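Comments concern the structure below.
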């Protein structure tokens, strides 16, 4: 079984994107596919979203009035109509592949036709500061549980249960991992570098966090100190609390980084302290947009107002992203990269459906 990955364009990449090109920090490209069956209500709904770093740049929804690959970032809008035609056809093929795979998985798990089931996948690659591959991913899940995943060596698979072992044996016989590795080390890297160049004003920016420390009395004896970081990009940030210079990791409540809804992110870290001892505690913050790490204390004279509305919006966006991209592992394989042209594929588990596209994929059956 296979999830098709949006390997968007098979055009030759420009010399400006040569391997010697470098960027500050590491970067990533991720695609998330979700197919949900709905017995008695037509074909499964298929949704795909693609991200470079923390920025969504493409989306497809089979339930749209006119389903097409849609740009979600200005720097991808410059791609021509042929690009979007290929993207759209790719997603439509993948929706049909997932429909077949959902049926096969239902059989693997001896499930009835009555219930709704979900097939998810994530794939992509990470680049280091030198523009070279750090790590590749190809992971799949069924009904919210791990199914099968390509290991970090890009040469072997980890199956979560006996059903996934059936798929694993098929893929091992078909040498699917080799095709996965060829894509991840080739086109995935090339296209991520292309996107980083085209979108460098957005993707390679660094917006420092707006910072506050707030004080929230719990009782006459205790209070919560909360260290806020708002409006920062990229999403990677470090927040820690110290008391008299000693880390308070075990006693710190730390939320996941949240999208703010405007392309930036939010995060906070909180610690409960004895009343009257607040000045012994310091918040330490590190972010790419800061010239040097910050050290913050609560200032009793000025309790800043935290933009609660923005935080609520951020939480709403987080929920949407979790629904669309709550992905880890499910099933997938790609045809071998060969300059973007459809390669021959005789494996019983897979069939080539990437002719004339940049997907460099094969559609595989579980």
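Each Cβ is built from the backbone N, Cα and C atoms, and glycine gets one as well.
Copied from Swiss-Prot, the annotated features are:
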- 1-24: signal peptide (SIGNAL)
- 25-114: region 'Alpha-1' (REGION)
- 25-308: topological domain 'Extracellular' (TOPO_DOM)
- 110: N-linked glycosylation site (CARBOHYD)
- 115-206: region 'Alpha-2' (REGION)
- 125-188: disulfide bond (DISULFID)
- 207-298: region 'Alpha-3' (REGION)
- 209-297: domain 'Ig-like C1-type' (DOMAIN)
- 227-283: disulfide bond (DISULFID)
- 299-308: region 'Connecting peptide' (REGION)
- 309-333: transmembrane segment (TRANSMEM)
- 334-366: topological domain 'Cytoplasmic' (TOPO_DOM)
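What Swiss-Prot annotates, mapped onto the structure for a quick look.
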residue: 110; record: N-linked glycosylation site; Cβ neighbours (10 Å): 7
residue: 125; record: disulfide bond; Cβ neighbours (10 Å): 24
residue: 188; record: disulfide bond; Cβ neighbours (10 Å): 27
residue: 227; record: disulfide bond; Cβ neighbours (10 Å): 27
residue: 283; record: disulfide bond; Cβ neighbours (10 Å): 26
Counts of helix, strand and coil residues, the domain 'Ig-like C1-type' (209-297), according to DSSP: 6 helix, 54 strand, 29 coil
Per-state residue totals over the region 'Alpha-1' (25-114) - DSSP helix, strand, coil: 32 helix, 27 strand, 31 coil
Closest of 110, 125, 188 to residue 283 (disulfide bond), Cα positions, recorded positions only: 125
Which disulfide-bonded residues sit within 10 Å of residue 110 (N-linked glycosylation site) - Cα, from 125, 188, 227: none
Helix-strand-coil residue split for the region 'Alpha-2' (115-206), DSSP-based: 38 helix, 29 strand, 25 coil
Rounded Cα separation (Å) that holds between residue 188 (disulfide bond) and residue 227 (disulfide bond): 38
Rounded mean pLDDT for the residues that make up the region 'Alpha-3' (207-298): 96
Between residue 125 (disulfide bond) and residue 227 (disulfide bond), the C-alpha gap once rounded to whole angstrom: 33
